[in-house]
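Some notes on the structure that comes next.
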Amino acid sequence: IKIKPYLNNLTTNGAITVTLNVKDETNAIIFHVKDIEIDRSSLKIRSVKSDNPLGITSQNYIEGEKYKIVLDEPLTKNIMYTLELTYVGHLNNHLQGFYRSHYEQLENDGVTTRYLASTQFSPTDARRAFPCFDEPSFKANFSIVIGRPSNMPSLSNMPLEKSDIDTVDKGWTWDYYQTTPKMSTYLVAFVVSDLQGYGSSDKLMKVWSRRHLISETTYAAEFAPKVLRFFENYFNITFPLPKIDIVAIPDFGYNAMENWGLITFRESALLYNEQDSDVDNKRSIATILAHELGHQWFGNLVTPKWWNDLWLKEGFATYLQYLGSDFAEPSWHINEEFIISETNRAFELDALESSRAISFDVKNSRQIRQTFDELSYGKGACIIRMMNHFLGENVFKIGLINFLNKYKYGNANREDLFAVLTEEAHKSGSLDKSMTIKDIMDSWTKQPGFPVVTAIADKANKKLILSQKRFLFTNQQNDSSTWWVPISIITDLDEKYHDTKPTVWLKNEPMVTINLNMSQWYLININQTGYYIVNYDESNWRKLTENIMNFPPLIRGQLISDSMDLARANLLDYDIPLKLLSRMAIRDSAIMFIPITITFKKLEYLSDVLANTPVFGLFEEFQSTVFKSTYRSVDSDTNYYSDDYLLQKIRKAVLKWSCRKTDSECAIRSHHKFRFWMEKNERVPPNLRDIVYCTAIRQGSEAEWNFAYNQYLRTASVSEKNVLLDALGCTTKRWLLSRYLDFLVHNDSSIRIQDAGRVFKSVSDNNVASTMAFDFLRMNWDKLLAHYGEGFNIISKMVKSLPRYMNTEYQLAELIRFKNEIRNNIGTASQAFDSTIEKVRGNVDWMKKNYHSVEKWLIEHRNYYNML
């Protein structure tokens, strides 16, 4: 590939020479192009054994995203040919393919706009940069030559081999890169920029950013080598390329992209500044870095054969990010956050009837883009974690190593993985030879959803009856799916909280009866290592409630999560989860991060669905009473910088709820801190900024909003910009919110394309403005599609932000009507509409079935909390 980008007029000149290994006799070559004009007169094809070109007919044509070259004579099977052509491409502003980015640079003579060109080829946009066979199974070796202005260095997947001054235009230089290993087109990458590089402790790595942000690359430069070496040791496979460049791109659609040897990032996902970045930002940088480095093996070295098994790389990278981050930052105990960050995230989408299997047929680019969702990432990681626990770490790890070695530099699908794991499991004896991984995992990968396992104890006969059924927030009676479910069990007589190996299997069957020796209580699915939730008989729920504080924090969080979801689905009376969390909140003097975070997350649904009802005051009284001691124990004026990771996370989780009431001490202090910033330039500590900014802007006037917006324009900190974008949506002034939304459809707006979903969500999350956000989307649908394109699911994210406060029949009808109106111009948002409509339908259903019972409970139990 030889390509030369012209940043000023948004074009590229390119030439390619492709070596073709012909597998079958054919008289046509079909490859992918998009927004590319091919010079037909430049087309040449010849046998590698002959200089004589073959005849090409005039019937060459573009059909959709494919270009077909028709030959006068057929190509011979098993003969190598070379194809040469030149073309003109386009640098676009949609952050897809080979595109232009920009940033403002402070120079001696003022602020100037600096441009750069970067790539984003996943999943199907390499065809925007050069004609290619743009499917993951067409792996090839790539030799890349980049023409670039002499004052703007380039980067690509491999190290630079040599540079030559252009013989015609002396202001241009040609960079020649070493040939890559065999890899898929979506992993090819190059950047032309004036970004600066910062070397890490590992000579293999360098981190790149804008010059004035180079100090913020330090954390990534220290963290990444640790994780890379961990994965090399874990897989016993040395990273196969001679270098890794890690680059922060000002305009970038995803958080990051795992291009082999040239990993590109959104700036906020890579750059860390202790003065402006909070604990969540640091955690995000760590996990995203670990995720992309995990891809260097799962995705790059071994690549899924087709996009129907996207989970095979994204699920593994998500699972691996916890292993890598835990190794590099052991004090965080980040593995314990898996249930919060991945399991609950996946459950939320997978508990909908509109959910899909994580392995399913995808046939075009739009369908492929829609697979980049919580299921491929979160559910994929969950079922991988489940395999680890029912096989055991050692067997699982050896199986992965065998898999990578068997298919390295090639492609594999889920059945290839299952076969290798089965072989190792049978060899070690960790899996009965009557069972295979395929038997087990097909039920988790080829059908949507997950089960609720219902357990009923027969104490008299020391038996336990287990049954399974698909868990759905609504329509519980309409699905007969079953799974191979690994059942781990402990009782009050055998408290082995770390023994997650299955005691018994529900082998794709609706029910099984087993022996059980217990005195008071029993627990199933220890530490939620299985991808399912559990409902118990009422007697056991009562015993678990009584003993809640005797269980480890992870179990406490699991019980609250399961019971709240079961109550939401009308499978359990709300009396159980509300008493569970009340008892824990009142008696938890230490405030453990996992259970308190899960509790607040699950209470958020109740808060949202009740927000516009007469009962909301009772709910606020309940939560403020139950968590009174929790709120008092977390001081917003302690030493923010010396606290460890978990204390910082706890403070953020608690203060977010403590500041909800305008007359709370937290809210009053927050407003004071913001005013001190406005009037005295006293900065708010990073770990309080999201709470302080939002609280002050919500309770403040136009002055607070304008001050925050001007700070957004001025600050060079990418993490600070994100906090401010979130906070600007917190105002209760509708005209300010309308102006904020209007920024999203103006080309001259200060809002970058990548941040549009964030801005829209900040307004949708504001109860005062949720209807306004929906109206904005309806009125501006065509503009938004044209402005943001179909990449990165930006519009889908906007649609998914809508249902938070929607719970009436009228709102449901309007949402359905809107989808029908745009059905011919829905882009990649069809699945987003399906899940959003179902969530609203679920909210409507909840109001019918649960509203009055929750109201009654809140009234009857006003005095209950003081008796615990």
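Using the three backbone atoms N, Cα and C, a Cβ is placed for every residue, glycine included.
Taken straight from TrEMBL:
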- Glu292: active site, proton acceptor (ACT_SITE)
- His291, His295, Glu314: Zn(2+) binding site (BINDING)
- 2-187: domain 'Aminopeptidase N-like N-terminal' (DOMAIN)
- 219-444: domain 'Peptidase M1 membrane alanine aminopeptidase' (DOMAIN)
- 521-841: domain 'ERAP1-like C-terminal' (DOMAIN)
- Tyr377: site 'Transition state stabilizer' (SITE)
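Taking the centre of the Cβ atoms of His291, His295, Glu314 as the Zn(2+) site, the nearby residues of that chain (Cβ within 8 Å, site residues left out) are Glu258, Glu292, Gly294, Phe298, Gly299, Lys313, Phe316, Ala317, Thr318, Leu320, Gln321, Tyr377.
The number of other Cβ atoms within 10 Å of the Cβ belonging to Glu314 (Zn(2+) binding site), over all protein chains shown, comes to 26. Shown in sequence order, Glu258, Lys313, Ala317 are the residues of the chain, 6+ apart in sequence, with a C-beta less than 8 angstroms from the C-beta of His295 (Zn(2+) binding site). Its Cβ placed at the centre, Tyr377 (site 'Transition state stabilizer') has 24 other Cβ atoms within 10 Å. Under 8 Å, Cβ to Cβ, and six or more positions away along its own chain, His291 (Zn(2+) binding site) finds Ala256, Ala317, Thr318, Leu320, Gln321. Using a 10 Å radius centred on the Cβ of the residue listed as 'active site, proton acceptor' and all shown protein chains, the other Cβ atoms total 28. In this structure, the CA atom of Tyr377 (site 'Transition state stabilizer') is 13 Å away from the CA atom of Glu292 (active site, proton acceptor). Glu292 (active site, proton acceptor) sits 10 Å from Glu314 (Zn(2+) binding site), taking the CA atoms of both as reference points.
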